[in-house]
Amino acid sequence: MAREELSTEIVNRGVEPSGPDAGSPTFSVRVRRRLPDFLQSVNLKYVRLGYHYLLSHGVYLATIPVIVLVCGAEVGSLSRDELWRKVWDEATYDLATVLAFLAVLAFTISVYIMSRPRPIYLIDFATYKPADELKVSKAEFIELARKSGKFDEESLAFQARLLAKSGIGDESYMPRCVFQPDANCATMKEGRAEASAAMFAALDELFDKCRVRPKDVGVLVVNCSLFNPTPSLSAMIVNHYKMRGNILSYNLGGMGCSAGVISIDLARDMLQASGAGLAVVVSTEAVSFTWYAGKRRSMLIPNAFFRAGAAAVLLSNRRRDFRRAKYQLEHVVRTHKGADDRAFRSVYQEEDEQRIKGLSISRDLVEVGGHALKTNITTLGPLVLPFSEQLLFFAGVLFRHLYPSKTSTPPPPAANGDTSAAAPYIPDFKRAFEHFCMHAASRDVLEHLQRNLGLRDADLEASRAALHRFGNTSSSSIWYELAYLEAKGRVRRGDRVWQLAFGSGFKCNSAVWRAVRRVRRPSRSPWLDCVDQYPARMDA
């Protein structure tokens with residue numbers, strides 16, 4: 001492995017309690033993999049894929065100006081008298097010819113309008129805010145875990161260190177069943193109770209805000225990675241709200257934190273294929289099924305990060321809903337790295353040596369995630385970046401592709417230490433998007449994303465605030481971030497929002513939304529009681 005892909009960190013492990021070095025401070029050196037530089041090794045095929053998406057529809061529009069130019073040149077070469085004579089004096093018309101021409105014209109226009117995919121509107125969404133009795137601070141987390149009797153002191157100390165640098169505050173939410181002494185929290189009863197509380201609360205708020213009856217919904221997509229009962233979660237919702245019998249319902253499981261964007265993509269396809277009108281997407285995760293009560297460190301990591309949360313989204317392809325919609329879906333770009341064995345096993349559910357089930361997080365996760373993200377943004381770039389940014393980016397990629405020997409070894413830095421002249425051009429995504437909703441996985445991941453994409457602190461404020469206030473809520477985290485931006489009153493008409501999430505498989509998915517109107521501060525939001533305390537609260 002190249003030295004540039006590694007980073008070192010000196011960790012103060014405190015005072016040695018016993019032994020010949022008792023009373024002396026101890027330190028250790030930790031070596032980690034860095035998130036790879038996205039643009040040092042961009043594969044040209046993903047750039048071509050992005051331009052293929054762009055040109056597959058643009059080629060039809062590009063022919064229209066050519067036709068207009070040719071016809072205009074022909075007509076412009078004639079004087080007014082000559083044009084009048086050719087149209088009326090030299091040409092002969094009859095009623096049948098005129099009617100046939102009008103019929104063909106009307107038919108052509110009708111076919112064009114009907115064959116165009118209808119736009120997908122996001123009418124509104126709701127995020128679940130658990131009850132205050134489910135709040136847990138970092139200190140309380142460790143104390144409750146100790147009282148449960150499921151962990152030894154070494155495992156508790158490891159989780160405490162993870163919490164200290166996680167970026168999660170002291171008001172995130174967890175189901176209390178995970179801290180029950182000598183009890184298995186991953187039971188079907190506990191899972192159904194946790195999932196139904198989250199999903200039904202978000203859906204009740206969504207239906208009330210949008211003034212929509214559950215029977216009006218034609219498509220239902222639910223995603224929950226680890227808890228997949230029979231009947232499914234989508235069937236639970238249909239039963240609870242007594243939805244109509246011909247509803248198209250889907251339940252996605254095992255797809256990780258990026259499943260929220262996958263659900264949006266599936267709902268879009270179903271709306272366009274069936275013309276159902278309204279679709280509801282529900283994203284949640286059952287924390288009681290991510291909880292691990294063993295000793296393997298790679299499986300203890302999810303305990304420190306995952307928290308309770310859920311989101312419900314109402315989509316429509318009815319043109320009359322444009323007036324009340326908040327956003328219009330512009331692009332969905334999905335990347336799957338499951339063909340690579342390391343990527344496939346980077347997030348893996350399994351049993352440990354004591355046959356205790358848990359979610360194992362590989363040491364390769366950051367590196368694998370970086371490569372998936374690099375592929376995703378390379379494909380997304382041609383669809384969203386201004387032409388000037390695309391030109392500079394594509395020129396750099398093409399130069400490194402044609403002359404790899406000149407770019408394989410970076411030249412030494414200048415005398416003042418500046419290496420910008422040798423570095424590849426990083427597109428300015430701030431020129432493509434006004435708002436960023438990056439999956440709030442952890443503080444380290446967000447810092448790597450900010451550095452590699454050249455973003456400002458303000459660009460990731462929503463992600464850091466969601467992580468601090470609610471923790472890693474899995475596939476629903478991108479909606480808590482969008483709710484934060486709305487609660488701050490920052491979304492204006494024409495603004496573009498980039499939602500980016502990644503999860504097991506390994507997958508990285510992007511959704512791009514455009515605000516169709518100014519989004520006013522909502523009357524109901526999980527942020528209303530604390531949004532004014534951010535971002536200052538994260539630095540406290």
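From the backbone N, Cα and C atoms, a Cβ is placed for every residue, glycine too.
What TrEMBL says about a protein is an automatic prediction, not a curated fact.
Now, the feature entries from TrEMBL:
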TRANSMEM  53-75  transmembrane segment
TRANSMEM  95-114  transmembrane segment
DOMAIN    112-400  domain 'FAE'
ACT_SITE  Cys257  active site
ACT_SITE  His336  active site
DOMAIN    434-514  domain 'Beta-ketoacyl-[acyl-carrier-protein] synthase III C-terminal'
ACT_SITE  His435  active site
ACT_SITE  His439  active site
ACT_SITE  His468  active site
ACT_SITE  Asn472  active site
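TrEMBL feature annotations superimposed on the structure.
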residue: Cys257; record: active site; CB count, 10 Å: 28
residue: His336; record: active site; CB count, 10 Å: 17
residue: His435; record: active site; CB count, 10 Å: 22
residue: His439; record: active site; CB count, 10 Å: 31
residue: His468; record: active site; CB count, 10 Å: 23
residue: Asn472; record: active site; CB count, 10 Å: 27
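Across the range of the domain 'Beta-ketoacyl-[acyl-carrier-protein] synthase III C-terminal' (434-514), the DSSP-based residue counts are 38 helix, 21 strand, 22 coil. Listed in sequence order, the active-site residues from His336, His468, Asn472 having a Cα within 10 Å of the Cα of His439 (active site) are Asn472. Checking each of the active-site residues Cys257, His435, His468, Asn472 against His336 (active site) by C-alpha distance, the shortest gap belongs to Cys257.
Cys257 (active site) has its Cα within 10 Å of the Cα of these active-site residues: Asn472, taken from His435, His468, Asn472. For the domain 'FAE' (112-400), the model's pLDDT averages out at 92. Rounded to a whole number, the C-alpha distance linking His435 (active site) with His468 (active site) is 19 angstrom.
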